[in-house]
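According to Swiss-Prot:
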{"type": "ACT_SITE", "residues": "173", "note": "active site, proton acceptor"}
{"type": "BINDING", "residues": "49, 80, 104, 124, 155, 156, 173", "note": "S-adenosyl 3-(methylsulfanyl)propylamine binding site"}
{"type": "BINDING", "residues": "79, 173, 174, 175, 176, 241", "note": "putrescine binding site"}
{"type": "DOMAIN", "residues": "18-253", "note": "domain 'PABS'"}
{"type": "MOD_RES", "residues": "1", "note": "N-acetylmethionine"}
């Protein structure tokens, strides 16, 4: 393993042993994901979390927060494109967008591609994640240079309390429900987002994995249905997330919203112009087709 620009690679963080990074977590017990490391690029502890970046043998640069992979250059586009386009293409005219989290810049990159979007506010509590991403994940962080962006380094909770009835779409790109991020999976957080949305507003949040967190997803869906007239759940595949999948919880204040049929259908020319690699209108529809065990658990009987 080569030395990196921020110092020698050895001994490196504890998660890297004999040239391999190994991800383990109490949220997915009994399983692990390993990636071969070519070079340790960055390892520091910010005010909020441990930040690690390494160049992998087959997945490009990898961002790890508190020992958990957040994104890799090879497969990040599937998650970023879906969490952004599922809500944006379900809204007839999304002009004002709020992003909570997403310090790597990937969601922002996708949001600003939409011509209808006039302004984006992003709230990221950890400025170090933004700076590290600009340095080591430039293909994701490119959105930070957009003239549509107002960047707020601080607490998204407090920001939304002060900005009610303000946004057409809110996207929460959170880490897993541990530590500070745990509050982003609670009913009180969804209630706060509801007040920050305009009367026909839509939200989309990282919704964990159906293979690992079905009870949590069911709980979230239950309280969301008490807050919003329209609630749905979708998912996509992404190799370096736990069990190779990640889900999305979508809610709308507009009773006529149908998440399963995009109101904005992209032509092939638009897909190519937006440089999309995963999302298209057919993939949008397919994302809501759940396997039988998930459909039953969520009582998703149409």
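Cβ atoms are placed via backbone N, Cα and C, with glycine included.
Cβ-based neighbour count (10 Å, all protein chains) for residue 104 (S-adenosyl 3-(methylsulfanyl)propylamine binding site) stands at 26. Separation of the C-alpha atoms of residue 241 (putrescine binding site) and residue 124 (S-adenosyl 3-(methylsulfanyl)propylamine binding site): 21 Å, rounded to the nearest whole number. When Cβ neighbours within 10 Å are tallied across all protein chains shown, the highest count among the binding-site residues 49, 80 belongs to 80. Recorded residues the residue listed as 'active site, proton acceptor' and residue 155 (S-adenosyl 3-(methylsulfanyl)propylamine binding site) have their alpha carbons 14 Å apart, per Cα-Cα distance. Across the fold, the C-alpha of residue 104 (S-adenosyl 3-(methylsulfanyl)propylamine binding site) and the C-alpha of residue 174 (putrescine binding site) stand 11 Å from each other.
Looking only at other Cβ atoms within 10 Å, the busiest spot among the recorded positions 124, 155, 173 turns out to be 173. Mapped onto three states, the DSSP output places residue 241 (putrescine binding site) in coil.
Listed in sequence order, the residues of the same chain lying 6 or more apart from residue 156 (S-adenosyl 3-(methylsulfanyl)propylamine binding site) and placing their CB within less than 8 Å of its CB are 100, 101, 123, 125, 172. Within 10 Å of the C-beta of residue 174 (putrescine binding site) there are 20 other C-beta atoms, taking all protein chains into account. A C-beta separation below 8 Å, combined with a sequence spacing of at least six in one chain, links residue 79 (putrescine binding site) to 71, 106, 236, 238, 241, 246.
Looking at residue 124 (S-adenosyl 3-(methylsulfanyl)propylamine binding site) and residue 174 (putrescine binding site), their Cα atoms lie 10 Å from each other.
Calculated from their C-alpha atoms, the gap between residue 80 (S-adenosyl 3-(methylsulfanyl)propylamine binding site) and residue 174 (putrescine binding site) amounts to 12 Å.
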